[in-house]
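Engineer: Quick one: the structure is below, questions incoming.
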Amino acid sequence: MTECVRALHAHLIRTHLHTDPFSTISHVLLSYALSNNTILKANLVFNQIQRPTLSLWNLIIRAWAHSPQPSQAIRIYHLMYSQHSLLGNNLTYPFLFKACARVSHRSCGQLAHARVMKLGFSSFIVVSNALVHMYGRFGHSEYARKVFDEMPQRDLVSWNSLICGYGQCKMFREVLGGFEAMKAAGLKGDAVTMVKVVLACCSLGEWGAADAVVKHIEENEVMIDVYLGNTLIDMYGRRGLVDRARQVFDRMRQRNMVSWNAMIMGYGKVGNLVAAQDLFNAMPQRDVISWTSMITAYSQANQFTEAVRLFKEMMEAKVKPDEITVTSVLSACAHIGSLDVGEAVHEYIRKYDINADVYLGNALIDMYCKCGVVEKALEVFKDMKKKDSVSWSSVIAGLAVNGFADSALDFFSQMLREGVKPSHGAFVGILLACAHAGLVEKGLEYFQSMEKVYGLKPEMKHYGCVVDLLSRSGNVQRAYEFIEEMPMAPDVIVWRILLSASQVHGNIPLAEIATNKLLELDPSNSGNYVLSSNTYAGSNRWEDVIKMRGLMEESNVHKPSGSSSIEINGLNGSLDSYSVKIQEKSKVTLT
């Protein structure tokens, strides 16, 4: 606000002209009303004017409609209409409709619509455009379309209001249809149009249509503002087309935080961590989404140590993490067994009252179970206000792999009593528990109940669990027969379980069968050769040991230094490695 306006205001007060609606007080009011920072001063000036003119009423209604308190515009309109008997004009109602749209005041909007019809103001395009926009924001697409169809003439704002309304109602097919109709009417659209149309293409997965929209943008030289640029970056990022996203990013004259974050997330999705880190380092400033995007990118690339390191840097930078950040870093802690960081994160969650939703609770359970602190996992589970099937599955599997098979079985029974339908992950956990406890027949009963009782078709990990169940109990031949009857081709983990069990129980024929399958499926894995070689060595078949080592050299596979035995995911060939997949439903993706 300039000093001259303040001086003029002071002069009008001294000369008692500040109450006269026909004095230059209107200029003071206009100056104050143009900024949200001085809206209260504008309101004070307006209240001091005796018998304001309609133009002054319109001015203050417009100011409040654009302010952080749009409901005040509705209040002032009712005051004007009821106490001062002013009906308003074609300039009053667009601002009133805008205010109604912003606060979702449907009754007021519909009442004002009726008055507009009665007064004949609906013939003004600016009034009808505001009505289409308002009904779209209300989610009343049918009313918006009715107003649109009855308009005697339409402009770009009319079409954008209709298309935006369809987008608000998630009617994405109608968005694309509206865009095609707009082009047929001879309008090319602007950045506002293109944002809504590209978003509709993304929601529908219509990538061909999205590319056609980009072509339309280029051919018609539509200005790419920061909002359209960000939308295009996000669209290309979702598709893994980061080079195209980067082209948009580099061409943008103006960027904001969203631009940088969207580009980082795009690089993270395709695993280009070098480019993501370079962008992150070059950012003029970072927010919690920037840090979380990088942490998540490292976690998804299995670089869990880097994810934890970056989280520590984030804390040192005094950036407060949100529930998505801590969920991602807890997942990283679980994978590398970083209990100290996981506990620190848990304490931070409690101290700063971070929204502990079900996904965060599941991540805490998973972290504590994989770090071997089952009692704390159970405390988290008990304190969770809401639990889902993943919560139960994580606890059951965590108890099983940490040696508490009986407790895992008890939890599975409790889950069923509480009416929670077991998931695929829950059955992984209960089969692991049976394997650890040596409950072969019980485990087979659970496996058979998956499809018969619960309608869940067993997956590879469940068949693997049964092979592990039979192998641990010494039923190696039965395990092989089970493999032979599987309705799908066994994966390498299943064959490694059989090979490991055959070595333990000295079943050389089965070990050879498993070895041949592994060399066929995974010839570059040195562990397959080492485990097979150890099997032969245990039976004093030294010629076969030499032969296996020769195969390693021929295949250019090198034995890991300092190791003479194989570990599968750190678990010596057991099916516990499948348990890491239980939390697939709790995986968090940034959008």
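Even glycines carry a Cβ here, placed using N, Cα and C.
According to TrEMBL, the record shows the following:
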type	residues	note
REPEAT	155-189	repeat 'PPR'
REPEAT	225-259	repeat 'PPR'
REPEAT	287-321	repeat 'PPR'
REPEAT	357-387	repeat 'PPR'
REPEAT	388-422	repeat 'PPR'
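Neighbours and distances for these, please.
Structural biologist: For the repeat 'PPR' (155-189), the mean pLDDT of the prediction comes to 96.
Panel annotation: around the repeat 'PPR' (225-259), residues 191, 194-195, 198-199, 201-202, 207, 210, 214, 217, 265-267, 269-270, 272, 275, 285-287, 289-290, 591 of the same chain, lying at least six beyond its termini, place a Cβ under 8 Å from a Cβ of the stretch.
Across the repeat 'PPR' (357-387), DSSP classifies residues as 23 helix, 0 strand, 8 coil.
Beyond the ends of the repeat 'PPR' (388-422), by six or more residues, the same chain brings 358, 361-362, 365-366, 368-370, 372, 374, 377-378, 381, 428-430, 432-437, 439, 454, 456, 576, 579, 582-583, 585-586 to within a C-beta distance below 8 angstroms of the stretch.
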Engineer: When DSSP states are grouped into helix, strand and coil, how many residues of the repeat 'PPR' (155-189) land in each?
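Structural biologist: The repeat 'PPR' (155-189) comes out at 26 helix, 0 strand, 9 coil.
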Engineer: Do you know the DSSP helix, strand and coil residue counts for the repeat 'PPR' (287-321)?
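Structural biologist: Per-class counts: 26 helix, 0 strand, 9 coil.
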